[in-house]
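Asker: Feature table excerpt (Swiss-Prot):
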type: TRANSIT; residues: 1-30; note: transit peptide
type: ACT_SITE; residues: 304; note: active site
type: ACT_SITE; residues: 350; note: active site
type: BINDING; residues: 359, 431, 451; note: oxaloacetate binding site
type: ACT_SITE; residues: 405; note: active site
């Protein structure tokens, strides 16, 4: 049994008498090395062989049908790409390399005295399929601290952006400008063999993840804190702690929230706009800086990364109209009026999920523990009790349950981060963990240039035998 197989089996056996054995096996699978690149170098040939054998045996096997509705409907439900790091189940929610969010919260290493998983541990899991040890997570923290410094031209660029340029535009532009530092672009121009691509993609990805909090914090300070300094990286602190320090937040609970936030927003399988964009652009052998910058331009779209902002705007309007504490009956009437006016209740529903988003649930649990009496949280909790039943009565929603965006903005507001335009930047910092872990594997497995076949409406009509008149 391979190490990856042991890791994938572990969550299925959590409730069995063999759970301890398998979890120890998963943790010890790479215990001999704290260097992530060394662990990858051992895993990649095994995975290459496994996939080669699978393709040889099943390469011509049909895995589903494509309907006209799928082609016109944003390719929803169409099985069209391989994405290893996470899988989204409509009933269960996201699993990171086979592990649910509650399992990640339980198993991944935490900061001393902390209760939430460290994003460094999740990144190790996404890259290797293995639950890391504390030593391995500490290695990642120190590695990212070592790589965090920004080149002077990027600092100058950030300091000279106009203040009316959206934070996401600044974020994307700065990431693109980091392309000057790309190990992969340099190696490719020098003719490196394709079997070595992954090594340089890995180096660029580690550098980029390390630098993202510095970019994000610089944008925040320039826009909302009069350009004050972000300070220096402390190599003794974890990635999230350094990030919150650079942002200017010293409350330990906010750092714990950031660890949770950066973990749960990291990946959501490969079909969403940001993940698919990075996969597509990366397939052209664009380096990680260009690929991730493109992904961030997708994340900036209102249908992808702005949803938590829209939730807060809606909640604020609701609070203003209805006042403080609101009866369930008045709340129910307000929701019905919203729906009857042709609007939606933001934060409810999901393109894939058909149950409450587990990312919502873990944020709710955080709020119940740390801010149970906050008026905005109480409003969110009241909506959770009422909205699904109203949506079920209406009969239009495929999923009447809350998603991750229904909660995250309220938590950030509670700790003083009220700048809603900035929230998508936090989302972007987190999403790097998933899409860059996959980008390393995409090059390691030799995935080709993505080039699906497009069709015109006339062509589709001809294909299905429809009249074009």
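Placement of Cβ uses the backbone N, Cα and C atoms for every residue, glycine included.
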Asker: Hey, what's the widest CA-to-CA gap across 359, 431, 451, the oxaloacetate contacts in the record, in Å?
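Answerer: Between the most distant Cα atoms of the oxaloacetate site, 33 Å.
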Asker: Restricting the comparison to the active-site residues 304, 350, 405, which residue's C-alpha is spatially nearest the C-alpha of residue 359 (oxaloacetate binding site)?
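Answerer: Answer for the nearest of the active-site residues: 405.
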Asker: Work out how many Å separate residue 350 (active site) and residue 405 (active site) at their Cα atoms, rounded off.
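Answerer: On Cα coordinates alone, these residues lie 10 Å apart.
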Asker: Report, as a single number, how many Cβ atoms besides its own are within 10 Å of the Cβ of residue 431 (oxaloacetate binding site).
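Answerer: Taking every protein chain into account, the count is 27.
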Asker: May I ask you to report the DSSP-based helix, strand or coil state of residue 451 (oxaloacetate binding site)?
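Answerer: The three-state answer is coil.
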Asker: Could you state the whole-number distance in Å separating the C-alpha atoms of residue 304 (active site) and residue 431 (oxaloacetate binding site)?
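Answerer: Checking the Cα atoms of residue 304 (active site) and residue 431 (oxaloacetate binding site) gives a distance of 12 Å.
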Asker: Using CB atoms and a 10 A radius, I'd like the single residue among the recorded positions 304, 350, 359, 451 with the highest neighbour count.
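Answerer: That would be 359, with the most Cβ atoms nearby.
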Asker: Once near-sequence residues are set aside, which residues in the chain of residue 405 (active site), 6 or more away, have Cβ atoms under 8 Å from its Cβ?
Answerer: 307, 308, 310, 311, 346, 347
